[in-house]
């Protein structure tokens, strides 16, 4: 305000001087002559004065505005400082300022940090050296060096201590504050007590370790359970198989089949439990090997065909023509999924049909990817009891079936679909169900597979020999007719259909009259009104099959009378569901293009005379030794036995064997150790390796790898079927001396 007063005084002085000048002009000698000039000067001075007054007024206004803003800023700063002070004093996180360098001293702290370290007051805590709050002085020095280097350190976990020495975990964030010369003046920081969090983390870590230990114990228990059950089951099922090969009355044969089926069901439950355990533990890994999709699908159908046909059901397998079959993936797990789904369909279907179909999920994507990978869509359709819509979501839960009455009637653990879902997800796909109660069920799943690089080069020169043939498909099931016609069409065979015997006879008459008779008749054995034999008999009586060959399609090998087949001119039979390769061979045989007759096995090659194959059998279980010896007693083999690994090694060194059958779990020396000893001895003696086949009740993938790592060539899982054992012996001895 003093500057404003001075400005007003100065303006008044100038105004007085101006008036004095006017008076002089008015009274002086120049009154007349200078009056006009004086008026102009007065006007000019007055104008200038007004400008100066306006400028000074603006300056004063600006000064006043500036003073007002400064006053507001000062008030806001005071308010902000008050809020900050209130926040710092009431926040639960410790806030501090300490001096830089050693010895560090607290400059400013809030009540929270005082409470955190267990002191009674801020004044008391301010006297405490910073180093006294650390459990590990070296950690304090490292923390200080980080601040010096980076200027700021965030979320550093520190081990500190309270006034009474109680350790605490803290998370600290600190920032250096610098003076004008760039030196650290002090360090500001915040600190949070994370002791409870660390305790929770330690408890979680401990719980995880305990869970992993429990999971390992569970896996070990399941593996042990598997071994303990499989070993006696090996003897039970093996003896049942041997007993079924002996002369039995129909009633005795039925009894044998009952306990064979019961044993197989028990093993299926064990396998499901083991697989579920592996999946839940995240230990199940898929293989990545070359395989033939058609073989996997058709064998899955073949395994379940007897059960399906026993219930009077049709079981068909349909691989669409655009599906590549030379794939890369895990064929064993794919087969497991298919067996689970088709097995369920057979179980819950009382009449009608079951169709296993495979197609490319996105044919255009398959083409775009240039046959490097393909996503396939599998479906299993049945005409069974169906599933209520509200129950579909729960169907994939383990140990779950639609309702208790279903469990009582059909049995089962409810594990199959749960395991299938996990396996499908491991294959990069998903699984879902479309169903209504009483209207059948369709289960779909997708899976991704690699495609073998050479799959496009796969070709069959026999296609040329059957291209252009005329075939009549006679089957009352529309699905079977559709599948057969599609397969034949892919080979260039011209196929026609007849849905029953009378229609077939009429079509044969028409074809004969047109001068273009059929070369081949694919004739279903079981049809309503007029069965396959009845149709063949009519065709023979009416001379409709001249130049044509009839192939009968039967539901299983036990059906049909071979003598009557021959009398009716039936060249042979094919068993449903018909495999593509067998169908092609059958067509070639039927039209005289192959050496063997349809339905008859090729004559075995007569081997040259050799000494018997020498086999060393190492097995500690007397029952299993008896079983395996019984399997092989009709074969031209010379077999020595050993009751443990140590005896097996000694006998191997003393004798000369073509093959070793090595049980894995034996006393004194197990199969792994015995195999390693044999391989070591062979290397020392520079002799060729003798094939060793591991016989084990351990069913995990890693168990098979352990066998290979020990030096075994093959791996058979108990219970071992006679056919599997003979096939393995043939594989690893090259079929010599059989």
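Note: Cβ is positioned from N, Cα and C throughout, glycine not excepted.
Keep in mind that this is a model prediction, so the values were computed, not measured.
Quick look at what TrEMBL annotates:
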- 1-90: coiled coil (COILED)
- 80-119: domain 'PAS' (DOMAIN)
- 154-206: domain 'PAC' (DOMAIN)
- 224-451: domain 'Histidine kinase' (DOMAIN)
- 470-591: domain 'Response regulatory' (DOMAIN)
- 524: 4-aspartylphosphate (MOD_RES)
- 614-733: domain 'Response regulatory' (DOMAIN)
- 663: 4-aspartylphosphate (MOD_RES)
**Complete:** Here the 10 Å Cβ neighbour count for residue 663 (4-aspartylphosphate) comes out at 27
**Complete:** Grouping DSSP H, G, I as helix and E, B as strand, the residues of the domain 'Response regulatory' (470-591) number 54 helix, 27 strand, 41 coil
**Fill in**
Around the Cβ of residue 524 (4-aspartylphosphate), other Cβ atoms within 10 Å, all chains included, total 27
**Message:** Can you give me the Cα-Cα distance between residue 663 (4-aspartylphosphate) and residue 524 (4-aspartylphosphate) in Å, rounded to a whole number?
**Reply:** 47
**Request:** Over the span of the domain 'PAC' (154-206), count residues by DSSP class, listing helix, strand and coil in order.
**Result:** 12 helix, 30 strand, 11 coil
**Asked** In the domain 'Response regulatory' (614-733), how many residues does DSSP put in helix, strand and coil?
**Response** 58 helix, 25 strand, 37 coil
